[in-house]
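*Asks:* Take this structure first; my questions come after.
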Amino acid sequence: MARGVILLAAGGTGGHLFPAEALAHELNGRGWTVHLATDDRAERFAGHFPAAAVHPIQSATMGSKNPIAVLGAFWKIWRGVRQASTIIGRIKPDAVVGFGGYPTLPPLYAATRRKVPTLIHEQNAVMGRANRALAGRVDAIAGGFLPQDTSAAGEKTVTTGNPVRPAVLEAAKTPYAASTGQEPFRLLVFGGSQGAQFFSDAMPGAIALLSDAQRKRLVITQQARADDVARVKTAYAALGVAVEVSPFFTDMAARMAAAHLVISRSGASTVSEIAVIGRPALLVPYPFALDHDQAANAAALAAAGGGEVHPQSTLSPERIAALIGGLMDNPERLAAMAAGAKSVGRPDAARLLADLTEAIASQKTVSDFKKGTQA
């Protein structure tokens, strides 16, 4: 017999849906029935989502400065609130959990009006706009990197971490082993759909500036946009470097576990996976990210000694070469960075998030939950 119903609200991007999916698996395993509220954009990601039902709900982004567009967005969101309220009345969830993005506004707002217990999960080190709008109304806030401080939001925040994929948990079992002497040095470079262009442009020139001995040690795995793959391969081939370049790697977690150094953007999922697996990283925040969330995520890992943060504007090929070459010649530093990253990894994030969800569903306060976890 099911313990009850939990409604998850996520949408817009797979980045918002992934932690929702991880929580759904955990809650299903505990006997809960899970429903998903999302928008049309995110429905394409939801094909394998472990939910009893998926409920498309209208929403809109509030990004325009055009007053007519703003009014239209408000009207769409309000219609979404009415849709969500009807669904909540029908399925009677014990709690509603949001994962950021504007599609979460209607279901979470409707839930607070109906006095249903509510929780939001923020993946980044700074709150996104939708979660900021909801923070004052919800009962609890779960954070990937958010602080538990004495502010109004901080007092009802529980730092659960960001749930990671099973493949990442498996990769985390591989301890870090520094490359010394003339051993191969495995370098993993990736930037995601928004950031790979910079690495495609900058990395081959930087590798060309390394010493011959250092280039001979390098084994590079680099993610690049499909349009860039051929030219990146050609540039590396001219240097005689062992490299694999592709737009996508299905075994990215295993490749991260095999890496001696990671160079990447600093989205919430990326930083969480680097921390759980425990690998040293040079983080280059995407400079055009909304709310500068990538810079804040990177700073959280750097504060633990797990990585170095380098703004893109400071990274000439000469600077990148100096950073890589210096670390290749300092395995002790790399091992210390790996340990620092591992120290802030949260492999139990899905369990902690499910624990908090159950507590909120049973009408417990965040204060009571924190006391219970510290007992």
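Quick reminder: no glycine exception, Cβ is built from N, Cα and C everywhere.
Annotations per Swiss-Prot:
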type    : residues                                            : note
BINDING : Thr13, Gly14, Gly15, Asn124, Arg165, Ser193, Gln294 : UDP-N-acetyl-alpha-D-glucosamine binding site
*Asks:* Enumerate same-chain residues with a sequence separation of six or more from Arg165 (UDP-N-acetyl-alpha-D-glucosamine binding site) and a Cβ-Cβ distance below 8 A; give 'none' if the list is empty.
*Replies:* Phe18, Ala22, Ala253, Glu273
*Asks:* Any idea what DSSP makes of Gln294 (UDP-N-acetyl-alpha-D-glucosamine binding site), helix, strand or coil?
*Replies:* helix
*Asks:* Looking only at Cβ atoms, how many others are within 10 Å of the one on Gln294 (UDP-N-acetyl-alpha-D-glucosamine binding site)?
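*Replies:* Excluding its own Cβ, Gln294 (UDP-N-acetyl-alpha-D-glucosamine binding site) sees 29 Cβ atoms within 10 Å.
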*Asks:* Of Gly15, Asn124, which of the binding-site residues has the most Cβ neighbours inside 10 Å?
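*Replies:* Top count of Cβ atoms within 10 Å goes to Asn124.
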